[in-house]
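Some notes on the structure that comes next.
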Amino acid sequence: SMPIECTGGCGQSARIKRAKDSRPVCENCFVAAFEQDVHDTITSTNLFTRGEKVALGASGGKDSTVLAYVMKTLNERFDYGLELILLSIDEGIKGYRDDSLQAVERNKIEYALPLMILSYKELYGWTMDEIVAKIGKKNNCTFCGVFRRQALDRGAYRLGASKLLTGHNADDMAETVLMNVLRGDIARLERCTAICTASGGEAQLPRAKPLKFCFEKDIVMYARVKNLDYFYTECIYAPNAYRQFARTFVKRLERTRPRAILDLIRSAENISVKKDVAVPILGLCTKCGYISSQTLCKACLLLEGLNTGDTTLGVKKKGTKIAEVSTGGGCSTNGGCACDQDKQNVDF
């Protein structure tokens, strides 16, 4: 069959079909378009100011590895003037996180970026393996998600960073929109597509998602073309079934029409919420000072449960629905589990 010409106008033959717009491109034009996309996202939203110290949430998976590589590349190419630091959380999951952290250690050397690793054990006195040994596999994603979210904040705060970047991509964003629609969680639906969550009080740094408009398939392709070193294994503890349901649906939509992913994001961006929708009032946790809508933040509540043996604390809802702020996921907006922070399973 005849080679297809690259639509980038470079005269080369196309080797890749870009997931985002279905355009056939050569490797060089694919890379250039991907990087330009992220740059445009950053500049159009004024995501950074010069001289900012920025923490990159690094899990060793494809999303955060591509994020680190692209941010370093663009920071140098366009002279953003940012100080970039890798921040990894060690949940204490043998056969999963210990392996992925080795990938992060290699990135640290390869990209010449400083790295801070914070562990659940150090912060909370428990590893995830110890928690699962105590409570079993039910609800463990709740613990992990809440703990990781707070651990990333605390780490970025210790580093003196003014922002925390996560590797959330367009697919993640579409899944989250869908989950919030299905749950009828209007308050979170309104916040969940923000490229940068506003800072809420001392304890919560703004989180930004430079890969917000990057398709997961394109991220994987970019990592392949650039031969990036990342770790791809699912968490050994069962991932959140609810998000899995949303993910399967989003992937199915994408097969019919790739634009569906961007349309889901856009529709949530354009939603206007009635003013009388209850949005939780935020205060600070009386125990650890972390931002919370209750007297005790979710992490302290869960920890109290672990330490006293009442493992339903913070997991089971008692009567009234509590508006939770610090629910799971790797992002301020994700209900669901921390296994979502960095997806490795991509179906082609």
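Glycine is treated like the rest: Cβ placed from N, Cα and C.
Look at TrEMBL and you will find 54-248 tagged as domain 'tRNA(Ile)-lysidine/2-thiocytidine synthase N-terminal'.
The ATP binding site annotation in TrEMBL covers G57, A58, S59, D63, I89, G167, D172.
Taken from TrEMBL, the feature domain 'Cytoplasmic tRNA 2-thiolation protein 1 C-terminal' applies to 284-312.
Neighbours of G167 (ATP binding site), defined as other CB atoms within 10 A of its CB across all chains, total 28. Scoring each of the binding-site residues (A58, I89) by how many neighbouring Cβ atoms lie within 10 Å, the top position goes to A58.
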